[in-house]
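Features as listed in TrEMBL:
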- 12-29: transmembrane segment (TRANSMEM)
- 41-63: transmembrane segment (TRANSMEM)
- 83-103: transmembrane segment (TRANSMEM)
- 108-126: transmembrane segment (TRANSMEM)
- 132-157: transmembrane segment (TRANSMEM)
- 164-185: transmembrane segment (TRANSMEM)
- 197-216: transmembrane segment (TRANSMEM)
- 228-255: transmembrane segment (TRANSMEM)
- 261-279: transmembrane segment (TRANSMEM)
- 286-308: transmembrane segment (TRANSMEM)
Amino acid sequence: MLSLFKNDLKQLKNVIVIFISCLLLNYLIGVMSFDKDIIRVMFYLTIFIFSLIIPMINLQYLFNSTKQTHFNSLPITRIQGFIVHYLSGIICLIIPAIIYCWLMKLNCLDLLLLIFVYYSLVNLTAYCTTSFITNIILLLAIILIPIVLYLSLFGIFTTYIRGVVFDGLSLNTIKYLLPFIGFIIDVENVIELKDVLVYLGYILIILFLAICACKYRRLENSYHGFSYKFVANVIILLIIVSISWAILSIIGMNYVTAKEFIALNIIITLIVVFIIQFIRYHRVRYGLYVLQTIAISIITTCIFFSSMDYIENYIPTSIKAVAINPISNNQNTKLKDQQSIDKIVNIHQQLLASEDGNHEVNVTYYTNRAKIVRKYNVSEKVFNNVLNEIDDNLLKSWLNESYQLLKALDQNSELVVYDNDETYLNEDIELFKSILKTKLNDFENDRVLINQINYVPGYNNVDVIKNKTIKTFMYYSNDPIALTIKEINKIKAN
């Protein structure tokens with residue numbers, strides 16, 4: 001085993017030299033005080049790439065029948081061989097990476113988790129394939145399919161479930177589905193115990209599967225480049241489901257009946273299964289074709305309908321902040337007091353029981369690790385009931401655009417503000433701010449004014465420009481921003 005370990009190190013020496021050279025270059029660039037974010041991205045990218053390359057090179061004998069026969073004749077068990085190959089590669093990765101982290105004073109915990117996840121994953125894919133090409137294909141499939149399935153499933157829920165809005169991927173979701181990307185965009189580099197346990201779970205599961213794949217691998221078995229027919233079938237199945245769900249989410253037919261949804265799902269699955277089978281076998285195996293279509297259609301339909309009611313009526317239990325407004329945006333004024341939280345939850349429950357209409361109401365929940373957005377188009381009666389619930393606390397969230405605009409104007413006087421018709425240069429900013437403050441005070445003192453806002457025709461935009469950066473704020477007719485623009489135009493006209 002020791003001689004095998006030494007042979008692995010000898011085999012990897014050229015790659016290790018390149019790896020250390022890349023880390024050294026990255027270190028020198030960092031010392032020269034370039035953009036720290038770029039240095040960090042380059043470092044993680046280097047670690048990610050070599051976490052994939054090193055095990056591929058270390059296990060390249062698996063893709064050559066002569067070399068594999070020679071290796072199998074050695075006086076060691078397959079598990080012993082797996083351990084030697086695994087340790088030789090992981091040591092070559094970890095030692096230079098830890099030294100780099102020590103020199104750059106970086107947290108190496110997330111880095112070690114990243115290395116073990118992807119290094120172990122390549123070990124698994126190598127034992128499940130019989131060539132470099134299928135190894136890379138399987139690796140890409142395992143990395144990308146989870147995020148594709150998640151986005152497709154969420155796209156379907158957004159399309160077919162009332163109120164559900166896709167507000168982007170949260171950092172935690174990205175970390176779980178695409179750890180490499182998650183660690184790069186997490187500037188604060190904070191990793192909680194829960195995240196550590198999740199990644200350790202990933203690593204243990206992958207290692208267990210890799211050991212099983214190594215132990216039972218047979219040289220003579222090759223199913224279209226895969227060592228196991230089961231693996232090939234599972235990957236094909238996941239590809240079919242991913243494409244079917246993606247198409248179903250893109251079509252976007254709102255409020256279809258259950259029968260229409262099932263029919264649409266079956267038709268799309270039929271087409272995708274036909275194409276995949278033809279590519280794979282260069283012909284259609286009709287028995288398998290029908291069986292795959294029925295099985296996939298039943299499974300996906302059950303998943304959708306079993307989760308639709310739960311998702312449509314979902315209200316988080318551990319709410320840290322809330323927001324409510326008539327315009328969907330990313331600049332919410334968060335309300336953190338329990339009274340406001342309870343009131344918005346009550347409003348949300350009324351919206352769930354309401355019928356569709358022309359008035360938009362957006363409810364946003366903030367938890368420790370997520371942001372949940374719901375958007376409803378309700379009737380005028382329900383909308384008026386919502387307006388009647390708006391108190392002093394909720395008003396700041398409801399008129400969020402006006403308060404955010406005032407905040408932007410307070411930050412610096414070197415601004416240019418313009419709407420569709422007028423441009424307000426620097427000398428007008430103070431006047432604009434003064435009038436907007438007055439209008440907001442009027443709305444705070446007289447709650448009837450929010451009933452006079454004309455919400456239905458749609459909204460206009462006011463853009464604030466600072467240092468070539470544009471922030472857009474939306475307003476309705478007769479809201480504080482609209483009344484401010486109207487009054488300032490009167491003053492300028494006189």
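Every residue, even glycine, has its Cβ placed from backbone N, Cα and C.
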Please determine whether the transmembrane segment (197-216) and the transmembrane segment (12-29) are in contact (criterion: at least three Cβ-Cβ distances under 8 Å, sequence separation 6 or more). no
Long-range neighbours of the transmembrane segment (108-126), counting only residues six or more past its ends (CB under 8 A): 44, 47-48, 51-52, 54-56, 59, 62, 82, 85-86, 89-90, 93-94, 97-98, 101-102, 135, 138-139, 142-143, 179-180, 183, 186, 189, 191, 196, 199-200, 202-203, 206-207, 209-210, 213
Please give the sequence-distant neighbours of the transmembrane segment (83-103): residues at least 6 beyond its ends with Cβ less than 8 Å from one of its Cβ atoms. 1, 4-5, 8-9, 12, 15-16, 19-20, 23, 26-27, 43, 47, 50-51, 54-55, 58-59, 76, 111-112, 115-116, 119-120, 123
Given 41-63, 228-255, 286-308, the one sharing the most C-beta pairs under 8 Å with the transmembrane segment (132-157) is 228-255
Restricting to the same chain and to residues at least six past its boundaries, which positions have a Cβ under 8 Å from a Cβ of the transmembrane segment (286-308)? 153, 156-157, 160-161, 237, 240-241, 244-245, 258, 261-262, 265-266, 269-270, 273-274, 277
Would you mind listing the long-range same-chain contacts of the transmembrane segment (41-63), meaning Cβ under 8 Å and 6+ residues beyond its ends? 8, 11-12, 15, 19, 22-23, 26, 29, 70-71, 85, 88-89, 92-93, 97, 100, 104, 106, 111, 114-115, 118-119, 122-123, 126-127, 129-132, 135, 139, 180, 183-184, 217
